[in-house]
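According to TrEMBL, the protein has these features:
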type	residues	note
TRANSMEM	28-47	transmembrane segment
REGION	49-77	region 'Disordered'
COMPBIAS	63-75	compositional bias 'Acidic residues'
TRANSMEM	89-107	transmembrane segment
TRANSMEM	119-142	transmembrane segment
TRANSMEM	224-249	transmembrane segment
TRANSMEM	255-271	transmembrane segment
TRANSMEM	278-298	transmembrane segment
TRANSMEM	341-360	transmembrane segment
TRANSMEM	419-441	transmembrane segment
TRANSMEM	447-465	transmembrane segment
COMPBIAS	475-486	compositional bias 'Acidic residues'
REGION	475-496	region 'Disordered'
REGION	510-601	region 'Disordered'
COMPBIAS	514-544	compositional bias 'Basic and acidic residues'
COMPBIAS	556-565	compositional bias 'Basic and acidic residues'
COMPBIAS	592-601	compositional bias 'Basic residues'
Amino acid sequence: MDEVSPFAEVLGQAIYQFTLIKPLLPTYGHLLVSALFPIYIGAHASLSKPSSAAKSPKKSQEDGYESDTEEDESLGDTHKMESLAPSDALMFPLTAGLTLGGLYLVIKYMGADLLNKILGYYFSQMGMLFAIAFLKDCFAVIRSFFFPRKYSGSGRIWKPKPAERVFQGARDDGSSSESLEVRHSPLPGILGAIPLPHTVRAALWTCREVAYWRARLRIHVHRLLHAECWLSVLDLLSVAVALPAIGYFTFVTKPWWLTNFLGFSFCYGTLQFMSPSTFITGSLILGSLFVYDIYFVYFTPLMVTVAKTLDVPIKLLFPRPAGPGEAPDTISLAMLGLGDIIIPGMMVGLALRFDLYLYYKRKGMHKAQAQGNGSDIVKPVYQSAMGGWGERFWTRSVTPSEPELEPPYHDARSFPKPYFTASIVGYVLGMLATLVVMQIFDHPQPALLYLVPGVLLSLWGTALVRKEVHEMWEFSDAEEEDEDSSVTDAETKEPVEAGKQVSLFSRIFSAPKEGSERPPKSDEANDESVDGKSDKKESPEKLELFTISLYHPRKRETSKLKAPTERGQSPEDDENWALVGTAERDAEPPAKRLRRSPRQH
């Protein structure tokens, strides 16, 4: 009998393992896509103006047209990201280890029932905020596909005029849209060519107006509270969906798909407000958690026990076929911890923001050369890189022959992303290695053991190949203060040593210094800055004790906006505020109720 060659033996073993893993391929595909989904959307949602770009000036709105950046200016790019310091690389594994050990002891000696209830209520409250934000952005993306702010067709760019309920076309070369044809359908692209009855078309325009409706909500309680926020139909719809979902998860049952929904929400929100400010800090944090994950998975039963016992949204669950020896109707679930998504996802998001930084840096170099400034640094004007998914789908952009030095840039939202792509490839390879090793050894694997080397090697390797290691080493994602606000910030903030970065845990646990707190300005002082009169001189019955007002901004013509008012006030002073609820205001003069407060919260 002939001996089997080594190649044939290896090939036979590979075929055997593939036969075993074949029923699990849908589960592993589901797991991989579910891990990439929050990383991709969270990284893009974390984009903001890089230090290589200049702040975009406010633009006046064209007569009758919707603004392409109206929501981006008022609602987008406003999140405050917590920058992690190198010291957090030590604190993260320590606090995570202590928390994990405490949970394990509680489960071992007191049982998991009470702990699941307490943590369930806590995560339901926190999950409400994250779920509303996640759903709102999802609805905004869906809206942009059905009712985009612009689309291209027949060699023109079509923009809506809501007041006239038409789309008016402008040529791709930017020529005037006067005397050009209009389209009466609110649907974009080929959908707009479908003949619709007038009643249906009017109903669709009404739906479009409702989808973009926004109002500003102001709540004022004398000496206690003054808050303002934008309120839209998407907010109300998100609350209407999130409330029953959270209630069902907390008080009824916890299906795997609802657990994954809350897990997506947590990952999406976390990746937007927490990130390392430099690649060095990120590499240190991933390296420390790399050691932490290996120790608690391989050498202790803590992580596996806690993950399997707690029924809270700290993991993603995936249905899988029943194992050998189990009944066919047995419900079996594979799981992936949220830490295996958030920790590498922070570096992926940082890589995407580094791509945006390089995009504007190169554009600034072209602008400096065009202006003849030589080696001087010229910052190009920033254009929002967030959103616009539907507009990008319906609008065909033509690559210009020369570099664009002023907005709008055709590739502002689709800028080159070599480092983001490399980090995604490294994450996928690390996750595939995790699944293969877990299948071969039939033992839970610490995913960070494979994800951390995959992400870090792909990022630093790409920088080495592109000869941009120095750029990556020196890059900092820390927010820069605007020059206009430097004087105000100097009065309200404590002096901080130059170049000193305070870690996240230091900001959480440190107590404020004596004398650092300033007494808040009273309502009377703020009111004096508006109308020059002190509330102290007014009788108590004329005070604004409690009001809830809702303001819906109305579109005005440009000529009216530019014309001065009789009192010499700006157009913002003439805003219409609809008084929804109030207490003890009968004797209050009308001018008092319409006064705008400079306080923003």
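Here the Cβ of each residue, glycine as well, is placed from N, Cα and C on the backbone.
What TrEMBL says about a protein is an automatic prediction, not a curated fact.
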Do at least three C-beta pairs under 8 angstroms join the transmembrane segment (278-298) to the transmembrane segment (447-465), pairs 6 or more apart in sequence?
-> yes
Ranking 119-142, 341-360, 419-441, 447-465 by Cβ pairs under 8 Å to the transmembrane segment (255-271), which is first?
-> 119-142
Using a Cβ cut-off of under 8 Å, list the residues of the same chain at least 6 residues beyond the transmembrane segment (419-441) that approach it.
-> 17, 20-21, 24, 28, 31-32, 35-36, 39-40, 43, 344, 347-348, 351-352, 354-355, 447, 449-459, 461-463
Distal contacts, the transmembrane segment (119-142) - CB-CB under 8 A, six or more residues away | 41, 45, 71, 234-235, 237-239, 241-243, 245-246, 249-250, 261-262, 264-266, 268-269, 310-314, 387, 389-390
Beyond a gap of at least 6 residues from its ends, the CB atoms lying under 8 Å from the transmembrane segment (447-465) belong to 279, 283, 286-287, 289-290, 293-294, 336-337, 339-340, 343-344, 347-348, 351, 418-419, 422-423, 425-431, 433-434, 437, 471-472
